[in-house]
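See structure below.
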Amino acid sequence: MTSSSAPSRKALSKIACNRLQKELVEWQVNPPAGFKHKVTDNLQRWVIEVNGASGTLYANETYQLQVDFPEHYPMEAPQVIFIPPAPQHPHIYSNGHICLDILYDSWSPAMTVSSICISILSMLSSSTAKQRPADNDRYVKNCRNGRSPKETRWWFHDDKV
Amino acid sequence: MASGFDESTSSSSSMGNGGNEAGNFECNICFDLPQDPIVTLCGHLYCWPCLYKWLHIHSHSQECPVCKALVQEEKLVPIYGRGKTPTDPRSKSVPGIHIPNRPAGQRPETAPPPNINNFSPHGFGLMGGFAPMATARFGSFTLSAAFGGLFSSLFNLQVHGFPNATLYGATPGFPYGFPNAFHGGHTPFFPQQPANQEQQADNYLKLLLLVIGVLVILALISS
């Protein structure tokens, strides 16, 4: 499955390490509501449990996010995907890739894992229909060689969901 | 919540307790205390190396990472604290990337010393306010006023003109060639005095204007 495709596994830089440790401490003190960090000894890959917000289509459902950090985080965005099975959502492909601008073109080094999580939960919560993107099959087929979503040229067209 | 944390985050636990207050002074990119601190016009604090690397190497825009406001390098403001840089300035360097020096502060001129002339009847500082008024007014009436109406217009001039005299700036040249000593001698009576002296000052000014008027006439005749 595609989720196992690691991004180019270069060790974290010193700056990245430092910052991730700070983020982790902050997460422990003040975790975003609805998320749970699953402990590993790997600072470079976080696995985070997402609980669908109550009153939304995804209430009482639990999904897993996998966050992989590049060597030069936070100058470069982390790779964020759902570990399949991914939630049914018009912007989430069945291989777990997420079409969300802040993960790609609109990334800013002032963002954090926590702020990404909140954006993803907000994206889930505003969904009005549990369905896959129209081009899901084509896209997933294209990614079969284990391509990272960061190599996709995304087209962000929908600002409602 | 974070039940499973047994992790070796001890290196960062030193900032754990006071982290939130110190957060006001952390770089928005590396979350450390800034090295070569610099602040954008939109008020967001960064290390200069962090911001430089983001704007020039990783980003394709000139946006503030926090608020997306336009960032112009010549408008960045460095923050000069008291201490010396505690870290090695090379600690954030990346091989193959040359980070230029942090932009310098834009220092306005040194503030002028408090102007004691404002409270003293002596000194040439007052003349600066007086003289331009005279020349400005003369410019208009020499064009329009007939010689017969000259004196009355002089008096009007004095009444309206002087209260605003200090609004005029530095002394320009005297277009009619009056000797400077003439003005210098009368400036002690310029009406920035307390109110009880103002009447007296007005009288002197009236006299002064009459003399000036006569000189103007002479100047016009001789030219």
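In case you wondered, yes, glycine gets a Cβ from its N, Cα and C as well.
All annotation found in TrEMBL is predicted automatically rather than curated by experts.
Some features that TrEMBL has for this protein:
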DOMAIN    B:27-68  domain 'RING-type'
REGION    B:81-111  region 'Disordered'
TRANSMEM  B:204-221  transmembrane segment
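The DSSP breakdown of the domain 'RING-type' (B:27-68), given as helix, strand and coil counts, is 11 helix, 7 strand, 24 coil. Averaged across the domain 'RING-type' (B:27-68), the predicted model reaches a pLDDT of 94.
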